[in-house]
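Novice: Can you keep this structure in mind? I'll have questions shortly.
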């Protein structure tokens, strides 16, 4: 059966096919991004069903608004949250119950493309092959499907792998302000997982600035993470729900990105990186929706369902026996208050934290990961082994001692330190520089070829520095190199250059 959704404009080609399972309702009330829709008795949609409003507004512009059912109010009414702006809607408009939750395209067709919350491409590169679709709402994997083996997710980035290793299928919080290299670190991780693990990445921009989303897309094209000539060779799919969009879109865009990632894990059996920037905006959007739905606010004005909403999202991000989703989530901390319910609820789910330091970025040490503030639950001898654990602890102790001595050095100078402390400072400065490394995605800016450093090579390099074997080498030799052999080769080159100058 085909019906015209706007009898007042009978000549318009806005027909929607309605099968046996699709019911028709009418808008009864509009409160901003929230709609109340009346349905015939016995024809009520289920919670989370998608509703579609089609028609023309008073100016004759075409309207196509998708909503999601949130509450069944009684009296044959449902309350739904719109995924796009509700301007132009009016009471009495026809609404179609699609009979299922929102479904989005998944699989290889999503690579190199930008989508909105509904899975519609927004990059002007034409339609997407959407023969393979998946609903955004689903249960977390059952216990029996989970892979409980603790294993390190090697990133090829020295500072991360040594001091705050990521767990395969774990969740990592990425803390960093503007301009400290968060985007470059994200792009390098996307590049490395594709090369070393044969994996792909999904980036979910949740409530971020449109400008930042555009900049990220442009930088990904420039660095080769997105291949414009052959989109199938791209390593990432992007899903954006920007700050200017209604709270419904910002609340669900994380689930859209997660659904795409789950397909790569479960069907393609790949290791997937899922980036969520920013997880706080997901909570913030949920808070707005909760208030619009008339729920009583909880602590600090947040939604009473905060823990449930966060848990529903986070529990789907996990390792199964087929593949893994490793999630890196940027975390905004309101007013730097770590006890705020939003970041506090997020911390309960994190396996590791990567903290970016403005001080290190100012020194030109990239990636600017703070080696003392970054933490990981994986850094235990029974998981990473004694050698890795001992090396990491010695590196941290050396850097901590250097940090303590910096005030004395600033006031009295290096000469006033004991011989032992001077040796510690010299080694700490070498370690600090050896924690930097050239990135593949930054080759176009730096001119230095990127380096992927395996975990065994990383441990060997830091052990040799700590043992004092390279005390005679200049600290500049350790700056922006890959493994320790490159540092010794660079030291030889520096020595030859200085001799030639003389």
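For all residues, glycine too, the Cβ spot is worked out from N, Cα and C.
For reference, Swiss-Prot lists these features for the protein:
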BINDING   176, 177, 178, 179, 180, 181, 182, 183  ATP binding site
MOD_RES   17  phosphoserine
Novice: Out of these binding-site residues, 178, 180, which one has the fewest other C-beta atoms within 10 Å of its own C-beta?
Specialist: 178
Novice: Which of the three DSSP states, helix, strand or coil, fits residue 176 (ATP binding site)?
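Specialist: Once the DSSP labels are grouped into three classes, residue 176 (ATP binding site) ends up as coil.
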Novice: What does DSSP assign residue 182 (ATP binding site), in three states?
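Specialist: For residue 182 (ATP binding site) - judged by DSSP and reduced to three states - the answer is helix.
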Novice: For residue 181 (ATP binding site), list the number of other Cβ atoms lying within 10 Å of its Cβ atom.
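Specialist: Cβ-Cβ neighbours of residue 181 (ATP binding site) within 10 Å number 22.
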Novice: For residue 177 (ATP binding site), list the number of other Cβ atoms lying within 10 Å of its Cβ atom.
Specialist: 11
Novice: For residue 176 (ATP binding site), what is the tally of other C-beta atoms lying within 10 angstroms of its C-beta?
Specialist: 21
Novice: How many neighbouring Cβ atoms, not counting its own, are there within 10 Å of the Cβ of residue 183 (ATP binding site)?
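Specialist: Taking all protein chains shown, residue 183 (ATP binding site) has 18 Cβ neighbours within 10 Å.
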Novice: Looking at Cβ-Cβ distances, which residues of the chain lie under 8 angstroms from residue 182 (ATP binding site) while being 6 or more apart from it?
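Specialist: Counting only residues 6 or more apart in sequence, the Cβ neighbours of residue 182 (ATP binding site) under 8 Å are 174, 176, 330, 356.
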Novice: Might you list, by sequence position, any residue in that chain lying six or more from residue 179 (ATP binding site) with a Cβ less than 8 Å away from its Cβ?
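Specialist: Non-local contacts for residue 179 (ATP binding site): 358, 361.
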